[in-house]
Amino acid sequence: MDYPGNLFVVAAPSGAGKSSLVKALMELDSAIQPAVSHTTRPPRGQEKHGREYFFLSPEEFDSMVQRDAFLEWAHVHGHRYGTSRQAIEERIAHGKDVILEIDFQGAINIKRIFSNAVLIFILPPSWEELRSRLQRRGEDSPEVIELRLKNAATEMAQAREFDFVIINELFERAVFDLKTIVHAQRLKFSAQRRARAETFRALQIP
């Protein structure tokens with residue numbers, strides 16, 4: 001189905017800076033709305049229920065799975081993550097632009113359902129920098145960091161499945177790149193015809 005709104009799906013290996021980039025984009029672009037995922041993992045730091053994630057018990061997550069409430073869900077780093085079907089469909093059906101942070105498995109699954117979804121993959125500039133960022137975050141044991149790096153190799157091998165790739169070396173440049181992708185999507189013929197329907201009619205453009 002062709003929805004009037006845009007769905008931007010951002011994925012990255014842990015530590016690449018995905019969440020920081022999406023947060024910065026939304027501070028610059030009030031027209032784009034976040035799609036908050038559900039997860040069984042515990043909150044980190046200052047994360048709040050309903051802002052970064054909806055934090056669920058395994059039983060609550062199971063209930064949503066049984067109700068087919070998720071557009072997709074997957075196991076990631078020992079926890080489960082899911083995307084609400086209703087929340088996404090309602091927003092883009094009403095012409096809203098939605099951005100979703102998700103793992104690479106979920107991104108590819110969503111593309112199968114929403115063929116017009118724009119998939120964006122965030123890469124670190126090097127393995128050394130990725131390791132350094134995970135260590136500076138101070139949230140994981142050395143064993144968990146090694147597991148995340150191992151998973152990152154698998155995830156980054158899937159980058160070819162995405163529409164756009166951003167290398168997050170200089171943060172300000174990466175934010176600019178992300179904003180540029182969003183803006184370019186809004187300038188596509190189909191998007192402009194919907195957004196400026198009166199102008200298109202006046203110019204007799206079918």
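The backbone N, Cα and C atoms fix where each Cβ goes, glycine too.
Listed in Swiss-Prot:
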DOMAIN    5-183  domain 'Guanylate kinase-like'
BINDING   Ala12, Pro13, Ser14, Gly15, Ala16, Gly17, Lys18, Ser19  ATP binding site
Rounded mean pLDDT for the residues that make up the domain 'Guanylate kinase-like' (5-183): 92
Among Ser14, Ser19, the most crowded of the binding-site residues [Cβ within 10 Å]: Ser14
Ala12 (ATP binding site) CB neighbourhood, other CB atoms within 10 A: 28
Check: same-chain CB within 8 A of ATP site center, minus Ala12, Pro13, Ser14, Gly15, Ala16, Gly17, Lys18, Ser19: Ile122, Pro124, Arg133, Asn168
Packing count at Gly17 (ATP binding site) (other Cβ atoms within 10 Å of its Cβ): 22
